[in-house]
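Report on the structure given below.
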């Protein structure tokens, strides 16, 4: 693993302040991984990690809810590795990187890239935590057995997670697109005790989401198309009727307070040239989640 330069890391640096911590002092580690092997509609997720990092350089360091300078908890950014074209090779590489970050006692934050990368992160997470649930924000269930000939499609990401990891519960929020193709609906019905779905029209209060998560430890995977396309047009498979900013943050804040969130990924940003708002939304969401994770930690200068 190689660290990014302070100027090119998450939040960047100005003439007087570097927002990048050393790896040793960092509590959160940003892992850019622009995997794009199986996109099915709009392209560009391979550019997502860099767009998020670039946008993060415009974030004001103090959170408007806590007024804390969240970066002082310690955020380090890895350089993006060369992502292999073969899916299994790429996934094994990401699993290895994530496993090392977890072994070092850090909080992994993976920037995608397509949603197909999530199983690799959970392979590493489940080696450390046997008691784990997954909280999945998305417009799509991503539970097909395969899609367009690949079992490692973004449309199969959470199916692979449930079939290859001892995840006790999958809780989905914002889902508004499912299919009987690829045995998706059939799988959801058969696994209804293991899968709890909050559909896009339900707008669940935070406590209902927390109650659905059956374990203390939880991993969060966040596909940006969970948001309404008026907020997030920069994604390959947008769907109308999605989540809004503040209610989504209320769910996240409550989950981080009630559970031990062990890692997160943010996936499926496909940047649109000269449209910066979606990139900035994604960067702010990453910074918010890091803040929610460490808001109970005494923040001190690095």
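Just so you know, the numbers here start at 1 and follow the chain as drawn.
From the backbone N, Cα and C atoms, a Cβ is placed for every residue, glycine too.
Model, not experiment: these values are computed from the prediction.
Sequence annotations record features per position, and here TrEMBL assigns Mn(2+) binding site to 115, 138, 140, 142, 223, 225. Non-local contacts of residue 140 (Mn(2+) binding site) by the CB criterion (under 8 A, 6+ apart in sequence, same chain) comprise 155, 175, 177, 178, 223, 225, 237, 239. Following the DSSP three-state reduction, the secondary structure of residue 140 (Mn(2+) binding site) is strand.
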Intrachain C-beta neighbours of residue 142 (Mn(2+) binding site), sequence separation six or more, cut-off 8 angstroms: 115, 136, 154, 155, 156, 157, 158, 159, 223
Those residues of the chain, 6+ apart, with a Cβ under 8 Å from that of residue 138 (Mn(2+) binding site): 115, 172, 173, 174, 175, 221, 222, 223, 225, 226
Around the Cβ of residue 225 (Mn(2+) binding site), the count of other Cβ atoms that are within 10 Å: 29
Residue 223 (Mn(2+) binding site) - helix vs strand vs coil (DSSP): strand
Coarse DSSP state, helix versus strand versus coil, of residue 115 (Mn(2+) binding site): helix
